[in-house]
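See below for the structure under consideration.
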Amino acid sequence: MSSPNQAPVGAADRPDKLKIVQADDMDVSEQENAVGYREYLEALDVEPTVRELRKLRWKIDLIILPMFLITQALQFMDKTSLNYANLFNYQDALGLKGNQFNYLSAMVYAGYFFGQYPCGWLIGRYPAQKVLAISVLAWGVLVILMTQARSYSSALAVRFIMGIFEAAVTPGLTLMTGFWYTRREIPLRQCIWYSALGWGGIIGSYISMGISKLPTDLGGVTCLWALVIWFFMADSPTNAHFLSHRERLIAVKRVASNETGIKNKRFDRKQLWVGFTDPKMILLFISVFAAAIPNGVVNSFSTVIIRDMGFDTTKTTELKSVGDAVQVVALLIGGAITLNIPNSRLLTATVANLLCTVAAACMAYLPRSNTWGRLVSFWLVNSQSVGFTVSLTTISSNMAGYTHRSLASALVFTAYCWGNFAGPFVVKESDAPRYEGAAIGLLVGYAIKLGCHLALLGK
């Protein structure tokens, strides 16, 4: 066993026992910036039993995963509430004309883009759960303000600022997943908390069906949840109050084998260059951008597209929830496959995206009279979340170095933002009720993503 006075290069940036240097070789500033450095040194002498490891994993699953899932679900419900409000004459109530609703739907992603860089810096510099709690509280207040907006300009401003604060959520949870779980465990756990999009969609459908307007209570619930995050969420094992001292050490040692680190406040320029020149990163960027365009369509206009297939408002919300259920099931199946079959992540994502591509083609070219064929195809495109989650797990578990992972996360979410921003604009009111342009937009986006996945498979 390595002696306790040894530590990895960059401390917590690579806390494995394969590449190590003497701790005395690190200056004081490096040791202070390496979050989890002291715990790592102490954990080298800890030999956990199988029972301890199993108990600890369950403890983390029962406390951390639900908090991640609920946070993600609230973000999605708040962000996509316009999708439901659009069913109940929200455009007329706000006096929207032309493509103003498209801009209103897309504006949250513009804010998301401008917010992710400062949010990423704050998460790297300060306790992530505190940054997340403040962001959640702020966007909860903005959701409440959104229900009071009486003009297009005020609603547009609120949506933009909302996006700035929501930018801390998914990137932050992605990075924190890598701090809590081993490389093998990450894909399933990431799929579980990301399935919150489906759960949030199901809940949002039935809330909107009950009140028939823009939900007014979501903001209050979100504000209360911010307090839970502030007091109870831990961003890494080293500051988890629900773990004993020995459990924290075991948790640190568990993730050391990832060779991705815990967290480091020091900016590494070498890792920055690696991130920008990584072919895998470039392909992920293109694939995420391409898939985000269809995602923007589904998130903002799924209710309208389903309604114009010939269903009334109540039936539309019910049928929309089926697509959300497909998303949940696809993510859980994808996560289970990647957990139990080695080296299957990318292949699983490719198969899911192939399904989306075929479904989009059916939407585009099936006759309008084939209502149920087109509807089922629209449900199936929700399985595209499997591919996006694989992109996130690649960041969490396959990229060593905190700076490298932070940059990769920023680039992926830049693609995500601008793809989602562009998505609503492929939906044109003049294309109703068939929305051929939207269907072709879905098909092209998924086809490009499929090509990127095939290229990644070849590497």
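Quick reminder: no glycine exception, Cβ is built from N, Cα and C everywhere.
TrEMBL has this to say about the protein:
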- 60-77: transmembrane segment (TRANSMEM)
- 103-124: transmembrane segment (TRANSMEM)
- 131-150: transmembrane segment (TRANSMEM)
- 156-180: transmembrane segment (TRANSMEM)
- 192-212: transmembrane segment (TRANSMEM)
- 218-234: transmembrane segment (TRANSMEM)
- 281-301: transmembrane segment (TRANSMEM)
- 321-339: transmembrane segment (TRANSMEM)
- 407-426: transmembrane segment (TRANSMEM)
- 438-457: transmembrane segment (TRANSMEM)
Which of 131-150, 192-212, 218-234, 281-301, 321-339 contacts the transmembrane segment (156-180) most, counting Cβ pairs under 8 Å: 131-150
Proximity of the transmembrane segment (281-301) to the transmembrane segment (407-426), 3+ C-beta pairs under 8 angstroms: yes
Dominant neighbour of the transmembrane segment (438-457) in 60-77, 103-124, 192-212, 218-234, 407-426, by Cβ pairs under 8 Å: 407-426
Intrachain residues whose Cβ lies under 8 Å of the transmembrane segment (60-77), provided they are six or more past its termini: 132, 136, 139, 166, 169-170, 173, 176-177, 180-181, 189, 192-197, 199-201, 203-204, 215, 218, 221-222, 225, 228-229, 232-234, 242, 251
Seg_contact(the transmembrane segment (192-212), the transmembrane segment (321-339)) with at least 3 CB pairs under 8 angstroms, min sep 6: yes
Chain residues outside the transmembrane segment (218-234) and at least six past its termini with a C-beta under 8 angstroms from it: 64, 67, 70-71, 74, 77-78, 81, 129-130, 132-134, 136-137, 139-147, 207, 240-242
